[in-house]
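Asker: If you look up Swiss-Prot, you'll see 51, 52, 53, 54, 55, 56, 57, 58, 168, 197, 219 marked as ATP binding site. Marked as Mg(2+) binding site by Swiss-Prot on the basis of sequence analysis: 57, 173. According to Swiss-Prot, the deamido-NAD(+) binding site annotation covers 148, 181, 188, 268, 269, on the basis of sequence analysis.
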């Protein structure tokens, strides 16, 4: 691909994912808190619901949610933030999740163990003679079941309390399609949209999030056979490289091709269902 064409493609992707040329953490906090509060007051809904894992994305989004419901209440609107713990059995980094909750100070904390439902779904598939290529393929599918089960639980809580489910998707995940379709990719509002990973961290820093959580190595941690696998190992590029691409900075040809290939392969994740 010629240099002008590659630059044009990079700019097109940056525009589609709404990554701004300039960034100010305090301004972004105000804009995103105002957005969430306005969605509550304008729709008459009474809750925000978000799963808290202990990573920087949910920690940052969680604090924005709590600030938003407090703002809505100050304006006379009834609203609560429900922070959900959604472990699959025992979570290895549960201490991080609890540290995140201590920082966020949510109105309500609900814990739902997704292991029984997720494992039962896999068992039912196996009982129906659904065949997988190998144990790793089965483990991957099971991981997606876990992600979708978490969203089922969050939507149930939102339905019970007249609320909105909050997603943690941001530009670095969107460009790589690094989320589960109809799992963590399903949400009603996505307050981190347009932020690169380093900008999410900057917002977390500005909010006062614990440094250990802000700098924590990101991991989806969905696969039992490969626990704690870092996002960057799965992606084949680092978040620094993805962020450079999204912020319009030069990257190596290999990084460019890796990002663009993933972007194209995962296009369906960012679209409405295909129709004739």
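Glycine too: its Cβ is placed from the backbone N, Cα and C atoms.
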Asker: Using a 10 Å cut-off, grab the number of neighbouring Cβ atoms around the Cβ of residue 55 (ATP binding site), all chains included.
Answerer: 23
Asker: Would you mind reading off the Cα separation of residue 219 (ATP binding site) from residue 173 (Mg(2+) binding site), to the nearest angstrom?
Answerer: 12
Asker: Which Cβ among the binding-site residues (53, 168, 219) has the fewest C-beta neighbours inside 10 Å?
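Answerer: 219, out of the binding-site residues 53, 168, 219, has the fewest neighbouring Cβ atoms within 10 Å.
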Asker: Let me know the most crowded of the binding-site residues, choosing from 57, 173, 188 and counting other Cβ atoms within 10 Å.
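Answerer: Selected residue: 173.
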Asker: Between the binding-site residues 148, 181, 269, whose Cβ has more other Cβ atoms within 10 Å than any of the rest?
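Answerer: Per the Cβ count, the most surrounded site is 148.
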Asker: Expressed to the nearest Å, what is the distance separating residue 181 (deamido-NAD(+) binding site) and residue 173 (Mg(2+) binding site) at their Cα atoms?
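Answerer: About 12 Å separates the two Cα atoms.
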Asker: Looking at the binding-site residues 148, 188, 268, 269, whose Cα is closest in space to that of residue 168 (ATP binding site)?
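Answerer: Ranked by Cα distance from residue 168 (ATP binding site), first place goes to 188.
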Asker: Let me know the most crowded of the binding-site residues, choosing from 51, 268 and counting other Cβ atoms within 10 Å.
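Answerer: When each Cβ's neighbours within 10 Å are tallied, 51 leads.
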Asker: Translate the DSSP assignment of residue 51 (ATP binding site) into the three-state scheme.
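Answerer: Where residue 51 (ATP binding site) sits, the three-state DSSP reduction gives strand.
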Asker: The record lists 51, 52, 53, 54, 55, 56, 57, 58, 168, 197, 219 as binding ATP. What's the largest Cα to Cα distance among them, in Å, rounded to a whole number?
Answerer: 19
Asker: To the nearest whole angstrom, what is the C-alpha distance linking residue 53 (ATP binding site) and residue 148 (deamido-NAD(+) binding site)?
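Answerer: Computed Cα spacing between residue 53 (ATP binding site) and residue 148 (deamido-NAD(+) binding site) is 15 Å.
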Asker: Assuming the binding residues for deamido-NAD(+) are exactly those in the record, 148, 181, 188, 268, 269, what is the maximum CA-CA distance in angstrom, rounded?
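Answerer: Max span of the deamido-NAD(+) binding residues, Cα based, is 18 Å.
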